[in-house]
Every structure is written in C-alpha cells, then in structure tokens.
Amino acid sequence: MRKVAWSQMRALHHRHTSTMRTETAADSQSEGYVPTSQSKEIGQWRAMWDEVKYTFTTRDGLIGDYDYQYLFTPNIWPLNKRYKDHVPPFFFPDDRIPLLLIFILGVQHALTKISGIITPILAISRGAFHLDAETTAYLVSAGFITTAIASFAQITRSRIRGTPYYFGTGVLSVLGPTFDIIPIAIQYSATLYASGECPTGANGTRLPCPDGYGKLIGSALASVWAQLLISFVPPKTLKRIFPSVVTGNLLLVLGIYLVSSAAASWGGGTSCLNGEGIYALCPNVNAPKPLPWGDSRLIGIGFSVFVTILIVEMIGSPLMKSCGIILGLAVGSAISGALGYWSTAQIDQAPVATFLWVNTFKLRVDGALILPLVFMFICEAMVCMPCIIAASEVSGIPTEGLQANQRIQGGILCDSIGTIFSCLGMSLPMVSHAGNNGVILVTSNAVGLLSDGR
C-alpha cells in the first residue's frame, strides 16, 4: 500500500511541476519578454529572499501542518493503533517543507553518519598506526568537519560554468570516510613495523607511527587523480566496463572483510588481538578494567548493542529506527560506563572545539602504496554509482537517462574533490555513503538544499 501511494504521489508531483513550468513558459511567451542574464540573476536572488522570508516569518514555513506525532509514536499496540494504515506524505527533493521538520529529519541524517565517520578513523589511527588519544581525537573531529563540508557540496550540486559537467548529485547522497582503505592501511602499517620504519618498544609493542599515517594520506593525494579522471568518462561507458555484477561482488568482498574486522573489535579490539606489551589486555593495560581479548564480559557489552538495535528496529518509532545504531551505541556505552570499563578523564581533557590543521602530519608519497590506492580509487568510482542510483530511487527521481547520468558524473567528481580536501585536512579519503537511504525511506523525506542543481 505504501509503495502504491508513493507512486501516486510521485506522479502527482511531476504532473504539478510540469504544469507550473508550462504555465510559466506560456506567460513569458505571451508577454514577449526575453530575460537577460542580469535579470535572471536578480530574479534568483529575489526568489531566494522570498523563500527565506516565507520560511522564518510564517507559520507554514516554521511548523506547517505535518503530523509530528507520527514520527515519535512507537510501533507498539495500542500506541500505534492510530497509524496502523497511515501513509505519511513523501517529500521530493525540490519540495518545500517547514523549518521544524527540516531540523528534526536533518538530525536523523547526521546521527546516521556518526558511526560511519568514526569507525574507519579509529580502525586506522588506533588499529593500524597506534596513534595516541589526542591525535585520534583530532582525526575524528577533522573527519566530521571535512565530511560536513563535502556532503554539503554533494547535496547542493552546482554546474561547472561553460561545461556540461556538474559538481555534486543534488540528492541526499552524503559523503564520509571510506572503509576500503582499512585493509590497505593495516597491511601497510604491518610492513612498516616489520621493517623498522615505525617504532616499536623493547618488548615488541608497537608505538605511535604518525609518519606512516602521513605517507598513507600523501600517497592518497597522489593517487586520487585516477578517480577524478574517471568522473569525466560517460556513465554509460563506465556501466559497460564495470557492470552491476562486478560492483556487486566488490561490495560483497568488502562486506566480508568488514565482518571479520568487526568480529575482532567485538572481542575487545584489533590492537589487543594476540597483542603484547601495553596491548596484552583490551583495550590496553592502562584501562580502568582491562580484560583479555574475547572475555565474556566484553562479548556481553557488544551483545547489548546488537540487541538494542534489533529491539528498536522491531518496535521503535520512525525516528528511533532511523538512528537505531546510535541508540545501540548509547546503550552499550552507558552499560560499560556504569560498570567502570571507561572513565571520563579523556573527555574532560578534550578541547571544547577544534579546527582543521591543529595537528598536522608529514605528507610523503610511498611508491609501494600508489598501485593499491589507484585500484582503490577506481573501485570507489564504481561503488559511488550504485550509491547514487539507490539515493535517486528512494528519492523518487529517475535512475536512468541524461539527468541520472549527470548525477553520477557529479557524484564521482565530488567524491574525488572531497578526498583531496579531506586528505589536505589530514583526514581519510571520502566516498559516497548509502546508509542514509534508510532514513529517506523511514521518514519519507528526500528534500535537499538546492537539490535541482540550478
């Protein structure tokens, strides 16, 4: 029923948009008015001002008539009795929605991205190069900053003047640090520690290796140009060279690797798996209550996160479902904190705010990394395509044709430029994430800022 209603709303939306454009064109032709570039620019600024004034000075712009109770109602009888057959209105990318709803649903997208931003950064900074807590905290903050800026560019979408090319997708396809670089970083760091380029303690404990991380980021900057060039190849050609069966198998292999990495983290962390010295216990011997890897208490805390996510998915409200992973992490953190497995000492010492380039690394290029990273960025371009297509599909816009190809081209280009910006900010390479597509489906909102790309 929801699928049928969605199709009907999409048809009405496109019919209404086409009618408005036809009437506007007819009025312009009847008046014999030919707009100049200056008048168009003035008209755009005037329309933008009218939109801002409507949003902040009217009840419809601030609150609207949306049924907000639906978003907070759990899927438990009899609380959900009123919404048993309820089909919420679907907001398409260029629809107007009230400011309060923008804030509520925008927070859901932000919460969905948190784990996807933090996980690869922690896996590389702590698991691969064993950086100290202060440096790791900076990398996490830098990841949030660069992700926000790159995602803004992806969603807003702009045309490159004088060319048929675009920068960004114009839909809610967000960017974040790539998981694909994790196996490369782990294998590369192991080589550096084995060769002595990264320091180790007298007992064999791996010490922080910021220079190794700098080589990884510098080599990524030297290799991302492969993805940048691919962004100008017609998407039709890319689909012939890399069909869905290829990209699908690529995602499957990556998922299998991440499952094994997640299992090691569930047991206490990758650093203390067969660790020695300071990492003989998890997370390290200096923790408030260190435990051996795979201890039942560590497994139990991880299981509490897993169970919380399942419960939220079964009986949670639409807003709870869209941020189920964050709720699971919150429950696990609360339980482990109450049992004394971590303290707030590092949180209290952390700065209130930080900026890019507060911490820097020596950016170097290692020839041994170039070939693996070039292949990785080629794969990133291929993975970007199904992510953008999926975001377009759940947003109710065409997934084939000229506009769809332009979105793919703009998305791959934004990924590569986002990677350059992120690496210059000392963070990891970027890629389009598909995790927020579930938020679009659950909340029935696909509105993005300036999503039409004009």
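One-based numbering along the chain as shown.
Just so it is clear, glycine is given a Cβ too, placed from its N, Cα and C backbone atoms.
TrEMBL labels come from automatic prediction, so no person has curated them.
What TrEMBL lists as compositional bias 'Polar residues' is 19-37. Positions annotated as region 'Disordered' by TrEMBL: 16-37. Sequence annotations record features per position, and here TrEMBL assigns transmembrane segment to 99-124, 136-153, 165-186, 216-234, 241-259, 298-316, 323-342, 369-391.
When each of 136-153, 216-234, 298-316, 323-342, 369-391 is scored by its Cβ pairs under 8 Å to the transmembrane segment (99-124), the top-ranked stretch turns out to be 136-153.
Counted over residue pairs separated by six or more positions, the transmembrane segment (216-234) shares at least 3 Cβ pairs under 8 angstroms with the transmembrane segment (369-391), which defines the two as touching. Same-chain neighbours of the transmembrane segment (136-153): 113, 117-118, 121-122, 125-126, 167-168, 174-177, 346, 350, 354-356, 358-359, 414, 417-418, 421-422, 425-428, 430, 449, counting only residues six or more beyond its ends whose CB sits under 8 Å from a CB of the stretch.
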